[in-house]
Structures are given as C-alpha cells and as structure tokens.
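S.K.: Have a look at this one before I ask anything.
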Amino acid sequence: MGRLAGFSLGLVSALILAFLIAPMVIVVILSFSSARFLRFPPPGLSLQWYQEFFSSYAWTSAATMSVGVAVAVTLLSLALGIPGAIGLMRGSFPGRRLVAAMILSPIIVPGIIVAIGLYYTYADYRLIGNPIALVVGHTCLAVPFVVITVANALNGVDPRLEQAARNLGASPFAAFRQVTFPLIRPGVLAGGIFAFATSFDELLIALFVSGSDAVTLPRRMWDQIRYQLEPTIAAASSLLIVVTLGLMIVAELLRRRTERLRTQEQERT
C-alpha cells in the first residue's frame, strides 16, 4: 500500500510538472523551426530566427532597454529595500505592521491598478515614454522582493554581534558594514536578482507607460503577437526563459547559502 501511494504521488507530481513546463518546452522547440510561420511540430530545425533576433534593431534595442531598465531598478530597489528591511526587522515604532503591509502591497494589489495609477501620474508630468517612468514603476514592484529576502537574511543574524562591535568603538555604519552585511550578503544578492528578474520580464506597466520611445523586450513581444506573429517571437521568448531561469537558479543557490550561514551562526551561539 505504501509503495502504491508513493507511486501515485510521484505520478501526480510528474504530471503537474509536465503541465507546468510543457508550454516552455514547446516555445523553445518552435524557436528552432525552419518554417516561416509558427507550426508545431516544426517541419525542420534552423537557427534563422535567432539570427533574425540578433540582427534586428527593433529586437536588440528592446532587449538593451530591458537590461538597462532592469539594472537601474536593481540598484534603486537595493538602495530602498535594504534600509526598509533593517527598519522593519530592527526598528521598534508604532504602526510597524502597517508599514510592512504598505511595502508589500505592490505584489498583493492587482498589477492593473498599479499600472493605471502610474499612467495617470506620469501623464500629468508628460513622462509617458520616458525610461525613468519604467524604472520608477518597476521599482515599485521590485522593492517588496528585496525587503522580503533581506529581512529573511537579517532574521538569522544575532543583533548582539553588531552591538558588540559598537561597544568596542565601531560606529553604527561600520558595525553594520563589517559584521552584519557579510552575513546577509547572499540575501542582498538574491534580492537584487529578484528585482532584476521582476523588471526584465514585466509587461503590464510597460504597456501603460513605455509609449513608443522606451519599448522593452516584453512590450516588443506583445506588439509582435498582435501585428506579426512569426517564430522570431519564439526565439525572444526562449531567451527570456533562459535568462529568467538562470536568475532563479542563482537566487536559489544564494538562498541556500544564507540558510547555511544561519545554521553556522546558530551553532556558534
């Protein structure tokens, strides 16, 4: 009976996994199609759509815009998220839970509401189509992920270590930089990766605020689906999948490193 239950559970898990990854596998296969239009299964294999992607100014400029915006979002999210996480974890002030809920609200509230609010705000200041509008909008979505990962890393650090450094004469900033930050560095890096990934593959806000001058890769893919459906979009989707999966794998490795550092710290104490 135990073996049958284990086999059934494994079969269900395999079916769920296949259901989740099948669309991505199909997209990757289509990206190597030799046909002029999307057909599955493809009649033959070819790299022509990847060549088309990298030789097209429209596609490469959109990819460059996405990378540039994502880098800016990552830096800004870290600059805002690290102090926010420290304040929530180490601070003691009235309304701390309310502040935490407000920080996390962008990932709870439907994205369309955030996008509409940003659109009307930017329209008043004529920022539609400005990359700054994308950076600020994506940062609203990315900061909560930085706060969560950094707060989780801080949760495993004994604050008495930093206090001991301050008792020995170190300034608050020096104590944090030399004692606490090395212990939470994997969490900070993971937060930065989540921020980059959040911005890199975000579409909804880009649809509202990118205009025609700040087109990102997801926005370019959306336009391609609407006006000219060809396998180039499968190549772009495959590249997006590879980048996102790579970032998630690195983030998971950093999370495990954070857990390992936390375990070592607990063993010392």
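Yeah, the Cβs are placed from backbone N, Cα and C, and that goes for glycine too.
The transmembrane segment annotation in TrEMBL covers 12-37, 57-86, 98-120, 132-154, 187-212, 232-254. For 63-251, the entry in TrEMBL reads domain 'ABC transmembrane type-1'.
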S.K.: Count the CB pairs under 8 A between the transmembrane segment (132-154) and each of 12-37, 57-86, 187-212, then give me the winner.
M.R.: 187-212
S.K.: Six or more residues beyond either end and a Cβ under 8 Å away: which residues meet both conditions relative to the transmembrane segment (187-212)?
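M.R.: Those are 66-67, 69-71, 73-74, 77-78, 81-82, 111-112, 114-116, 118-119, 122, 127-130, 133-134, 137-139, 141-143, 145-150, 152-154, 181, 218-219, 222, 240, 243-244, 247-248, 250-251, 254-255, 258, in sequence order.
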